[in-house]
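What Swiss-Prot records for 251-443 is domain 'GATase cobBQ-type'. Look at Swiss-Prot and you will find CYS332 tagged as active site, nucleophile. Positions annotated as active site by Swiss-Prot, on the basis of sequence analysis: HIS435.
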Amino acid sequence: MVKQIMIQGTASDAGKSVLVAGLCRLFKNKGKRVVPFKSQNMSLNSFITATGDEMGRAQVFQAEAAGVFPDVRMNPVLLKPTNDRQSQVIFMGAILDNMDAVTYHDFKQTLIPKIQAVYQSLADENDIIVLEGAGSPAEINLNDRDIVNMGMAKMVDAPVVLVADIDKGGVFASIYGTIMLLNEEERARIKGVIINKFRGDVALLQPGIDMIEELTNVPVIGVIPYANLQLEEEDSVSLNGKNYAPDSNALLDIAIICLPRISNFTDFHSLEIQPEISLRYIRNLADFGKPDLVIIPGSKNTLEDMAFLEESGLKKAIQNFAENAGKVIGICGGYQMLGQKMLDPDQVESKQLEIAGLGLLDTETIFLDQKRTTQITGVTHSGEAVEGYEIHMGETKRGESTSPFCKIKAVNGNEETHQDGAISANKNIIGTYIHGIFDNDVFLGNLFDELLTRKNQSIYPHEIINLKEHKEQEYDKLAALLEANIQMDQLEKIMKGEKICVSTQKPAIKE
């Protein structure tokens with residue numbers, strides 16, 4: 001029979017996704033067949049599986065940590081906000097509809113038997129499932145129809161460990177408040193607490209641990225030290241802490257436009273890990289500076305984000321940068337914005353029917369109801385072999401003054417030839433639908449060399465850090481960190497359904 005453990009958090013960005021990934025790697029290293037599971041994920045960071053199904057990125061990196069291929073069953077429901085009131089609802093990788101919160105709140109009850117069936121299919125194939133909740137289980141206005149926190153735990157009778165982020169402050173209030181806002185049945189499901197991102201001497205924390213255990217009758221089974229691991233971040237909250245000022249000691253200054261509805265910012269993880277590269281996120285005109293490369297990322301509402309560029313003054317700044325021979329790359333929605341105009345006659349993305357683009361590429365995009373979700377391999381205009389994935393609802397046509405950026409050779413593992421993207425005559429402006437383009441080492445190394453040559457400097461002096469290899473190392477570091485700082489014997493008992501009590505054993509931080 002499958003063992004299971006569910007990680008819930010006191011708030012968003014408490015560390016649930018990373019903790020699940022670490023536990024998956026830990027159990028995988030012990031020879032267990034383990035998979036992650038999150039019944040419902042709200043995120044603009046998504047991935048396309050080998051079968052062309054769309055799922056949340058968090059469950060992808062958790063699957064990588066578990067040593068298995070991403071499977072849409074690990075994240076059956078994906079919600080992609082299109083605006084402040086509506087989300088695109090995706091079930092098992094396929095779009096169902098756009099729904100507002102009230103409509104979806106009523107509708108999601110119909111998904112419960114389907115979610116249970118999906119979960120059971122994973123349970124039949126694995127030894128352990130590590131479940132992840134969303135936000136906080138104490139969203140008491142939503143709990144009557146919850147399908148992702150205590151509602152999911154009840155569906156499959158999973159024990160829960162609550163994780164709280166001490167780095168933000170107020171950790172004991174968040175633990176106590178979360179537990180006490182739950183009803184009696186839900187409180188009984190919480191079998192342990194983990195305090196995350198602790199800095200300092202754990203002895204100073206111990207009086208608080210003793211008090212919170214006494215108040216809640218729930219044992220603290222781990223204190224995880226703050227660790228500077230280079231792992232993907234899925235929650236857009238994490239962007240709030242990203243740099244906006246360039247690093248004067250870096251070889252290259254790369255600026256990403258931080259769109260209000262930015263999607264797939266995981267595209268830039270490969271850039272973040274490279275030595276002597278300054279990666280920063282531009283939110284307003286004052287942050288623009290003098291970058292060596294400007295990247296316009298994907299967007300879940302391209303027309304509205306184009307309007308943001310106009311209103312903020314960033315549109316003119318990007319145009320001026322390009323006119324002065326600056327290098328600009330647009331990914332997916334960013335590619336669409338580089339063109340002359342975007343048309344949305346059926347209001348697929350926005351209430352706007354048409355909007356002018358940046359005018360840096362001779363292209364025009366029309367939005368369609370049909371979403372393209374594929375994994376691809378191809379060859380760029382300069383001969384680099386690349387792979388990645390596409391997620392978009394627009395069709396872009398090139399004019400005569402542009403050339404295709406990439407020749408696609410295979411789609412979802414099947415031979416298929418077509419052209420992707422566009423590149424300007426002077427090669428300075430590139431647009432592509434390929435997410436993950438920067439994860440290709442040769443392409444990235446050549447890009448760095450080009451940017452440095454434009455500055456009359458020698459080529460990039462470092463070997464490109466391969467993202468896949470780098471992540472494998474980070475997953476192992478994470479697993480070791482968790483094993484050293486969680487009372488694994490207590491966690492094993494929880495997973496077996498055995499009762500554990502508040503003990504006198506004190507957690508000790510191990511780096």
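From the backbone N, Cα and C atoms, a Cβ is placed for every residue, glycine too.
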Tell me the Cβ neighbour count for the residue listed as 'active site', meaning other Cβ atoms within 10 Å of its Cβ, over all protein chains shown.
27
How long is the line from the C-alpha of the residue listed as 'active site' to the C-alpha of the residue listed as 'active site, nucleophile', rounded to the nearest angstrom?
7
Looking at the domain 'GATase cobBQ-type' (251-443) alone, can you tell me the average pLDDT?
95
In the three-state scheme derived from DSSP, which category covers the residue listed as 'active site, nucleophile'?
coil
For HIS435 (active site): DSSP state (helix, strand, coil):
strand
Going by C-beta under 8 A and a gap of 6 or more residues, the same-chain neighbours of CYS332 (active site, nucleophile) are SER263, ASN264, PRO297, GLY298, SER299, GLU390, ILE391, HIS392, THR432, TYR433, HIS435
